[in-house]
Amino acid sequence: MTSGIYYKGLQCWIPDEQSQWIPGSIKDCRVEGEKAFLTVQDENENETVITVKPDDLNYEGRNGLPFLRSINSDADDLTDLSYLNEPSVLDALSTRYNQLQIYTYSGIVLIAVNPFQRLPNLYTHEIVRAYSEKSRDELDPHLYAIAEDSYKCMNQEHKNQTIIISGESGAGKTVSARYIMRYFASVQALIQSTDSNFHEAPQLTAVENEILATNPIMEAFGNSKTSRNDNSSRFGKYIQILFDGNATIIGAKIQTYLLERSRLVFQPNQERNYHIFYQILAGSSSEQLEKWKLVENSQEFNYLKQGNCSTIEGVNDKEEFKATVDALKTVGIDNDTCECIFSLLAALLHIGNIEVKHSRNDAYIDSKNENLINATSLLGVDPSSLVKWLTKRKIKMASEGILKPLNEFQAVVARDSVAKFLYASLFDWLVATINKALMYSADKSNQTAKSFIGVLDIYGFEHFKKNSFEQFCINYANEKLQQEFYRHVFKLEQEEYAAEGLNWSYIDYQDNQQCISMIESRLGILSLLDEECRMPTNSDENWVSKLNDAFSKPEFKNSYQKSRFGNKEFTIKHYALDVVYCAEGFIDKNRDTISDELLELFTNSDVPFVKDLVLFRLEQTAPPADTKKIKTKPKSNTLGSMFKSSLVSLMSTINETNAHYIRCIKPNEEKEAWKFDNQMVVSQLRACGVLETIKISCAGFPSRWTFDEFVSRYYMLVPSAVRTTESLTFSKAILEKHADPTKYQIGKTKIFFRSGVTPLLESARDKALKHAAHLLYEAFAVNYYRTRFLLSRKRVRSFQAVAHGFLSRRHTEYELLSSNIIKLQSLWRTALKRKEFIQTKNSILKVQSIIRGFLLRQTLEEKTKHDATLIIQSLWLTFKAHKHYKELQYYAVRIQSLWRMKLAKRQLTELKIESTKASHLKQVSYRLESRLFEISKQLDNSEQENNKFRERIAELESHLSNYAEAKLAQERELEQTRVLISDQSQDGELKELLEEKENALIMMEEEMRQVNDANTELLRVNATLKSQLKNYDMIIVEQTSQLKEKNRIIASLTKATKILNSASSIEQSRNSEEKSRRDSSLMEMRTQKEMLVLLMNDGLKHDLDKLTEYAGRTFTTLKTLLLKDNDVEAQKLDHLFLAKLLFIIISQMWKSNLCQESVALVERYCVHTLEYVFQKTSSANERPDIGFWVANTHALLAFVYTKQQAFKHSSAFTLLSTESHESVQTIFEMIESHLSKIFFEWVRQVNNFLKPLIVQAMIITGTNTDAGDENRKLRIKFFEKPKYKITDVIHVLNKVHDSCQAYKVNYEIYNALIRSIYRFINVEAFNSLFIDERGSWKRGTNISYNYHVLKDWCLESGVPEAYLQLEELLQTSKILQFVKDDPNYVARVRDFYALNFLQIKTLLHRYDYADYEAHVPKKTMSELSKNIVAEGINQREQLTYEVLDYRLQDSFEESPSLEKIKIPDDCNVTYLRRIIDLASAEESVEQALITVGNVADNDVQNSSDEENQVPNGIKV
C-alpha cells in the first residue's frame, strides 16, 4: 500500500557529502500500521531504508525524506521546475552550465554563472537586435533580456529603473555591467537607424561613446587582480543612464561606494595593486618614464611588489593603457590633465619607496632620499616639510601645539595615509569629472532628463579567514540590498495573488531587519565605532568591549555573538552565514584621514593639479555648514558614517525605482573554465538569497500553470466525454477529481498550487498514461494476434490449394509423358530405318558416278592430245613466214635512210649559203614579239577592267538605292527642321544648318547623275573591249604557229611587260578615287560639325531624362508583352533600347573628343536611375522591376567594354590624351559600380519581401498546414493556420525568374541573384531556430520537404548550384529528425560539416520534445560541450548574411548596330533622334569607303600574286 506523494519508481535526490546531492529513485514505498518504509536506491544501486510516519509521506523532504527530482532539469526558469527544491535548483544550474548556458531565470532574478572564458559571440550586435523589442519570455535567458525589460518598463510605465548586479568577487559582475551599458548604447543606435543592415554594427552617438568610455577608466583606477578574480572591482558603483522624453540617451551619472584604499599600500600574495599603475609602467614612452623617474620593472616599487604578481595572463597592460588614455580623452580630459594624473600616480609610487628608519624610539627619513625628492618634485611640495610631518605629529594643547615624534610604525602609517588620501582624492575627482562631462552633454543638447536606468555593480557578500572593516561595510551593504530584494519578491508575490483574485494570507519569511538595525541604529555598531574614534584614548579592544556590552542581550542572539577569547573579534550573524570580524584596524580605517599639517602642505602645492585635487577632496568630505572653511580642517565625517549615508541614499533611490536583479555566481575557486563546484555554488545561492526566494515562493503557491498549459499536460486525467475546448472548465474538471480544494486556487489566468500538489498530479498522470498504455497494448495485442490467426489460416488454405493443384498437375504431366515416350520410340525406330536406306542408296549412286567419271576423263584426254598436235603445226608455219618478212623490211629501210642522208647533205649546203640573211630574220622576230606583247597586255587589262566594272556597277546600284532612301530621309528631316525653325524662331545658326543640308542634297543628286553617266560609259567600253578581244584572239592564234621555236623566250618577256602595265593601271585607279574621297571628306566634316553642336546642346540631357522616365513607365508593359509572346509588340519595344541609345551617344562623344562630357552624361544617367529605383520602392503598387535596369546597365557595360578593347587595339587609341584614357576607364568603372548598386538593391527588395514569409513557409508549414507546431495545445484547441506556405516563396521566385527571362538578364547576374536569395532564406530560417522558434521532429520534416521543393525549383530554373546555399537548413532538418537517445549521436553529427558543435548543441537545447520522444541524454550534451570547448568556445551560433557577388566574363556582347536601334514613336526626343540619324548616315558612308578601299586592295593583291608567278629561269 502506498500513500502521499511518494510512490515506487519516483525519481528523487539523495544527500551526498561530496556532491551535495546525487540522483536516485524510490525502490519501494509501503505503509505498515503506524510506520511507513521508503526504500531509496542511488545511481550506484546502494539502497537505504527510511522510516517515517505515514502522514510524512504527504510532505516533501519531511523527517529525512528525499527531495523529488524535476522532470525538466534544464528549464530556462527555475520557478518552472516541477519540484522547487534546493537539489533541483542546483541540478538545473549545473545541467545548463554543462550545456554552455550561463544564464538562467529564477523568477524575477537572472542568475549568471561565470564561464571563466570570453564569449564574444554571446554579445554581438546581432544578439542586440534579436533581443531588442522582445519580451523577456520570448527568448533564452540573457543579460540583454533584463536590459530590454527595464528599457521597456521605463517607456511604458514612465518609471525609473534599476538593475542590481551582485555576487562575490570573481563572479562576473563587472563584465555583466559592462555589457548592459553596451546594450543600452547599442539599442539606441539601432532604433535611430532602423534601415541598417542586420549584420552591421549600429553607429553610436557621442554621448553613448562617452558612457561606454567610463568602463575602461573606472576599471583601470578601481579594479585589481585578486586571488579570486583577475579584474575585481574594489569599489561599488551606481551608474544612472539618463533618457529624455523620447527615451534617447542624453547623459549619465556615476556614484561610487567604498573604494578599497588599503589595497594601494598592501596586496596579499598573488594579488596586484590597481591596474593603472602597471599600465603606466608598460604603456608609457621612455621619455615619459624618464620625466617621472620611473622604470618599467614593477618589482622596483614597494606598492607593486608585495603581491609577487606583476602580470595577468591574457592581458596586455600596454594595450590597456592605450585604451585608458583614449577613454580619458573621450570623456573630455585633455593631454595636459592626463599628464598631471599620471605624474601624481608616479609620485605615489615614489612615496611607497620612501624608506622610514628608526632612530632609538623615533622615526627617521633621510631628506636626501632619491624617492623623497622625486615624489616631492612631482607633487610640488617642500621635501623637508613632508619629512617633518611624516615623522612628527602636532598635538594641540589649549592655545599651543606640541610636536610629538612618531615611531617607525606610526610614520609608515602616516606615509601610507598620504598615498591613500591622494589616490582616493584622485579617484573621486575622476568620477566627478566624468559626471560633469556626461551631464555637459545633456546640457549642451538643451535636453532634460525625464527618466533613468540605473546599473548597480556592487560587491557581493564576502567571507575570508580574516575579515576587516572593508568586509564589514560590504556585508552591511548586502544586508540592505537583500532586505530590499526580499521585500521586492514578497511584493511581487502579493501583487500577482491580488491580480489573480486569490484568497491569501501573510507569507512568513526570514527578515534581516534586526541585523540591519544592530548595525545602523542610533546605538548600533557604526555609531559606537564613530564614538570610539572621537575618544582621545581609543582602541579597537575598547570598541569591541562596548559591542559586547550592547549586543550580548537575548534580543540580539540571532544577530550577534561575542568572541570567547578576548576583545579582538566579534561575530555577526548575517542572512547568508555567520562572519567573524577581526577588530584590528577598524578605528584607523574608519577615520581615514591625514594630519592638518599635511593637508595644509598639499593645499599650498606648487602643482595646480595637486592643489585643486586636495581642495576638491576637502569640499567633498566637509559638512555643508563648513564648506567655506577650507584652510582649517573641519570636523570631517568618518568613513563609516559616509558609507552609511550613501547607502541610505542608494536604498532610497532603489525604492523609488523598479528593480531588476542579476545574481552572478562563481562556479569554482580555481577560475577554471566550465567547471561547476556544487558546494561552492550552493553557498553562493544561499548568500545571494536565491534559495531564500524559493522558500518564500514555496510558502505561498510555488507552482502555477496557465489554463492551456495545465490542460495540455493533464488532459488524460478525465474521460474524453468530460473534455471540452473551454480550458477553464476543463481545468476545473481535472482538479475536482484529482486535487484537494485546499491545496490550490484558481485565478483569472492561472491555477496556483501549494507545495506537494504537483507530485500528486504527476503521479496520477503517470498512472493514467500507464493505464492508457495498457489499454492500447490490449487492443493492439487482440488485433495483432487475430490478424496473425487470420493470416495463418489464409496461408494454410492457400497452401492446400497449391498442393492439390501441384499433385494434379504432376499426375497429368506423368500421363502426358508416358504417351509422348511411346510416340518418341516409334519415331526413333522409323528414323533409324530411313537413315539406313538413305545411306545404302547414296553408296550405290556414288560408285556409279565414279565409274562414269573415269570413262569420261579417258575420252577427254585423247581429244586434247589430238588438238595440241594441230596447234603446234600451225605455229611453226607462221614463224617461218614472219621471219622472211622481217628480213625484207630491214633492207628496204636501209636503202631509204641512205637516200635521205644524201638529200640532207645537199640542203645543208644551201643553208650555209643563206646564213648571211640572219639579221633580217631577227628584226622580223622582234616586231612579232612586240606585237604579241601588246596584244597580251591589252587582253589582261581588258579582263581586269571588265571585272572591276562589273563590281563597280553592282556597288553603285546598291549605293544608288541607299542614297535614294537617304534623300527621302533628308527631305523629311529638312521639312521637320523648317517647321522647327518656324515654330521656335531660332537664330541664324539653324538657318545656316538648313542651307548646308540643302547643299548636301544637291551634291548628292549631282553625284548620283555622275554615277549614272559612268555606268553608261562603262557598258559601252565593255562591249568594245569584248569585240577587240575576239580580234586579238584570232591574231594570237595565227602568229603563235609561226613562233613555236622561240615560244619560251617570248613568254618570259611578255610576263615582265604585264607586271609593269599592272602597276600603271593601279595608279590610274587611285587617281580616279581621290576625287570621290575629297567629296566624302567634305560631307563628313559637315556631319561632324552638326553632331558636335547636338552633343553640346543641353537639349540632349533633357531628352535622356525623358527617355529614362519613358523607360520607367513602359518596362512593365514590355515584360507583359514578352511573357505573352506577342512578337509584334515586343519588336516595337526593344528592352535594351535605353542602353543602346546611350552607348551611341557616348561613342559619338568619344569621336568628338568630348570624354569629360561623356563622363558627366553617364553620371547623370546613373543618378537618375538610382533615384527612380529607390524612390519608387515605397509604393507597393508601383514597385519597379529592377530586372529592366539591370539588363540595360549590363548591356551598356558590355558595349563600353567592347569599345574600350577596340580602342586599345587601334592606332586611334594612342592619339588620345591621358585624360581621355582616364575618362574612358572612369566610365567603365562608373557603370560597373552602378550595376553593382542596382543589383544589391534588387536583392534587398526581394529579401525584404521574403522576410515575413520565410519562417512560416520554411519551418512551420510543410506537407500540411498543421505540421509545424508540436505544442500539445493543438489537441484541445484550434488555432489559426499559418499564413504563408512554401508556395508563396516559390511564387516570389517565379516573379524574379520571369523578370530575368523577360529582360534577358545576364546568366551570371541571374545566378548570383538566386544564390543570394537562397542564402538569405537559409540564414533567416536557420537563425530563427536560435531566437524565436524551437525545433522539433515535425519541423525537421517540414524543413526537409521545403528544401527539396526549393531544390527542384533550382533545377527547373537553370541555377542548379543555388540550392547549395541551403546546406545548413538541410543538415538542421537531419539533426531534428535523428533519434535523440542514440548512443552514437555525437559520432553521427560529426559528419555535418556545415554546422559547428555549438549550433548543434543549441538546437538540441531548444528542441521541443513531444510526449512520445526520448530526451537527449545528459551524457550526449556533456560530450557536445566538451567538443565545443576543444574546438574553441568562440564559435558562432547564428549565421551572417552577405550578398553573393556575380562574376562577369571578359567576353561581352558586341557593339549595337544602328540598324537595329529604334526610338519609340511616342517618345518626344528630337535631339536624340537627329543624333541617331546622323550617326546612321556616317556609318553608311564609312561602310561604303571601306568597301571601295577593299576593292583597290584586292587589285593590288591580285597584281602582286601575278608578279610572283614568273617562270623559273627567267630574269625580269
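Numbering starts at 1 and runs along the chain as it is shown here.
Using N, Cα and C of the backbone, Cβ positions are placed for all residues, glycine too.
In Swiss-Prot this protein carries:
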type	residues	note
BINDING	G167, E168, S169, G170, A171, G172, K173, T174	ATP binding site
COILED	926-1034	coiled coil
DOMAIN	7-62	domain 'Myosin N-terminal SH3-like'
DOMAIN	73-766	domain 'Myosin motor'
DOMAIN	793-813	domain 'IQ 1'
DOMAIN	818-838	domain 'IQ 2'
DOMAIN	840-865	domain 'IQ 3'
DOMAIN	866-886	domain 'IQ 4'
DOMAIN	888-917	domain 'IQ 5'
DOMAIN	1163-1431	domain 'Dilute'
MOD_RES	S1065	phosphoserine
MOD_RES	S1072	phosphoserine
REGION	647-669	region 'Actin-binding'
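Taking the mean position of the Cβ atoms of G167, E168, S169, G170, A171, G172, K173, T174 as the ATP site, the remaining same-chain residues with a Cβ inside 8 Å of that point are N114, N229, S232, G460, C664, K666. Nonlocal intrachain contacts for the domain 'IQ 3' (840-865), taken as residues 6+ away from its ends with a CB within less than 8 angstroms of a stretch CB, are lacking entirely.
Looking at S169, T174, the binding-site residues in this record, the fewest other C-beta atoms within 10 angstroms of the C-beta turn up around S169. In sequence order, I165, S166, G167, S233, D457, I458, Y459, G460, C664 are the residues of the chain that are 6 or more apart from K173 (ATP binding site) and have a CB within less than 8 Å of its CB. The DSSP secondary structure for G167 (ATP binding site) is coil. Here G172 (ATP binding site) comes close to A112, N114, C664, K666: these same-chain residues lie at least six apart in sequence, with C-beta atoms under 8 angstroms from its C-beta. Using a 10 Å radius centred on the Cβ of G170 (ATP binding site) and all shown protein chains, the other Cβ atoms total 23. Under DSSP, T174 (ATP binding site) is assigned to a helix (H, G or I) in the three-state scheme. Residue counts for the domain 'IQ 5' (888-917) under DSSP, split into helix (H, G, I), strand (E, B) and coil, are 30 helix, 0 strand, 0 coil. A 10 Å cutoff on Cβ-Cβ distances gives E168 (ATP binding site) a total of 24 other Cβ atoms nearby, all chains included.
Other Cβ atoms within 10 Å of the Cβ of A171 (ATP binding site), summed over all protein chains shown, number 25.
Neighbour count (other Cβ atoms within 10 Å of the Cβ, all protein chains): 26 for G167 (ATP binding site).
Mapped onto DSSP classes, the domain 'IQ 4' (866-886) shows 21 helix, 0 strand, 0 coil. Helix, strand and coil counts from DSSP across the domain 'IQ 2' (818-838) read 21 helix, 0 strand, 0 coil.
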